[in-house]
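Enquirer: Got a structure for you, questions after.
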Amino acid sequence: SCTVAPLEEVDKASGSTGTDSGPVGAAGSAGGLRTLVVQQTSLERPRETWSKKVDFLLSVIGYAVDLGNVWRFPYICYQNGGGAFLLPYLLMAVFGGVPLFYMELALGQFHHSGCISIWKHICPIFKGIGFAICIIALYIAFYYNTIMAWALYYLLSSFQSTLPWSTCTNSWNTANCNQYMSTDHNVTWSNTSTSPAEEFYVRQVLQVHRSPGLHQLGSVSWQLALCLLFIFTIVFFSIWKGVKTSGKVVWVTATFPYLVLLVLLIRGATLPGAWRGVVFYLKPDWEKLLSTTVWIDAAAQIFFSLGPGFGVLLAFASYNPFHNNCYKDALITSSVNCLTSFLSGFVIFTVLGYMAEMRQQDVDAVAKDAGPSLLFIIYAEAIANMPAATFFSIIFFLMIIMLGLDSTFAGLEGVITAVLDEYPHVLVKRREKFVFGLVCVCYLGALSTLTYGGAFVVKLFEEYATGPAVITVVLLEVIAVSWFYGTKRFCNDIQVMLGFYPGIFWRVCWVAICPCFLLFIIISFLAFPPEVRLFSYHYPLWTTALGYCIGVSSFICVPTYMIYCLIVTKGTFKQVCVPHPAFLVSFIDGFPQIQYLSSVLSFNIPPFLRDYLLSECFLFLRSV
């Protein structure tokens, strides 16, 4: 905008002669009244943007495609009916995962804010959601990067002619160590026998035999501490300058895993017995669909795979141009994520079929372990028995590190964007120092996972500390956006930004289906809590309570901030807590179903009269 004023008045006010040069234009005729045109300049620092659209897409894909796509989806798929599992998985993706994914991209792009400051535009009393997201992201950083440190240990150990987990002649091996491939003759396998790959993982990398449990974790493994330090060094120099640098790094970290997956798929398909693993992976068991567990696993898998609610999608989308087509981006990136999970299943199960053929066992007996054990024991052992084992071991564990790195970039960038947007005058010019401090905090917080009992801590964080908390936070986020901010207003924002109004499918998903989707996961988790164990260690009851306490420590930010808002807001308790009658009208406008029902019940009453009657009803309720 600009202002126009007589030059004589401006000169009198400023003491200027009117001859100074600057962003001022003067015009007028001889003897007439001259005017000044002053252009208003914003004092706010322009927001950083992605260098290219592809940088954004690769960053989102790299965040969504993580280690869980490689081990969790294949295991859950075969455990829940094979090919039949794809039906509930796709239904949960269409009606739950993708709408949440689209909603967060649209919110971040429209408001250009992180997960904390965005609530001043939506519903300020829910600002605690942003703080809870940041705490959850820190908890994830405490244990997620440790898995990459394990992979780095394997990578460094791979630069040998004979892989150390392929023989039983090492210092860490026990008398129970047996190589039981079909090429090894005169080997007697018993229930107490262990493979060399299992002993390398358990006794050399993790060293869990030195810790009796969570009550006595033991010392920090200096080898893993150095590996994790190297991982965090890469993370720091990749994100310290913002999306300009991380957007370039993901060109490697997001694309290299696909190249390795393709190589491993071709290699796995040529192995003897590979077809057994593929049949076991995809053979449909339609009776499984009658089990509630299958639908619970499908909902949880698609939610944690796409990753809404971690503040990352809000942060990444906030650096987009205002009119970027985030609707198209949501469809592309979520589709790539689901297809990658499906592809990784072939990569894993062709090798498991080969292992079953070599051991002369069923695939079910080989693929009995989920989680990191599937990669660090079963898959590592299969690689050790392939020709060119060193080459395949190097590219495989390099792929694991790449998959973890871009997810770490994204998780920390979500925290960085949120805090910098909330305190811009203090931290924007000190981004490098803040990022360095954040990385140091994450490294110190991860030290407990580097101890001899660190694997027990990783499992505890993964099962209890982050999962239930983030689902609850996302449920509140959807309710705040759809019910309090209003679906109608949110859709109007999308129309201004993209040029089209979201269809009825998306509106119904945001208002009703997504909250039900999230409630379904929460209730199922509470009704069927997982039995947590790792190797031969069964987690005692007090560790379950500890895990829930860690989870609540993040979620508690939401009600705490609400109470804080009620305390600092001026007015009586009744004035603060009881909404204005106009709130009812805007609240109902957010619900297409209730809005339609009210229009039917009003028998064509004019809208202004309907709103007046609703306001009067609400005033009556308020007085009561």
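For all residues, glycine too, the Cβ spot is worked out from N, Cα and C.
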Enquirer: In TrEMBL, Cys168 is paired in a disulfide bond with which of Cys134, Cys177?
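Expert: Between Cys168 and one of Cys134, Cys177, TrEMBL records a disulfide, namely with Cys177.
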Enquirer: With TrEMBL as the source, which of 1-28, 197-224 is set down as region 'Disordered'?
Expert: 1-28
Enquirer: Return the single residue from the binding-site residues list (Ser305, Ser407) that has the minimum number of other CB atoms within 10 Å.
Expert: Ser305
Enquirer: With the Na(+) site defined by Gly62, Ala64, Val65, Asn69, Ser305, Asn337, Leu403, Asp406, Ser407, which remaining residues of that chain have Cβ atoms positioned within 8 Å of the Cβ centroid?
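Expert: What remains near the Cβ centre is Ile61, Tyr63, Asp66, Gly68, Gly307, Thr340.
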Enquirer: Within this structure, do the transmembrane segment (295-319) and the transmembrane segment (54-73) have 3 or more Cβ pairs under 8 angstroms, counting pairs 6 or more apart in sequence?
Expert: yes
Enquirer: Could you round the CA separation between Val65 (Na(+) binding site) and Cys168 (disulfide bond) to a whole angstrom and send it over?
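Expert: So the Cα of Cys168 (disulfide bond) lies 35 Å away from that of Val65 (Na(+) binding site).
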Enquirer: Using a 10 Å cut-off on Cβ-Cβ distances across all protein chains shown, tell me which of the recorded positions (Val65, Cys168, Cys177) has the largest neighbour count.
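Expert: That would be Val65, with the highest Cβ count within 10 Å.
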Enquirer: Using only C-alpha positions, which one of Gly62, Ser305, Leu403, Ser407 is spatially nearest Cys177 (disulfide bond)? These are the binding-site residues in the record.
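Expert: Result: the closest of the binding-site residues to Cys177 (disulfide bond) is Leu403.
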Enquirer: When you scan the chain for residues with a C-beta under 8 Å from the transmembrane segment (220-240), skipping those not six or more beyond its ends, what do you find?
Expert: 145-146, 148-150, 152-153, 156, 205, 207, 246, 249, 401, 405, 408-409, 412-413, 416, 431-432, 435-436, 439, 442-443, 446-447, 450-452, 454
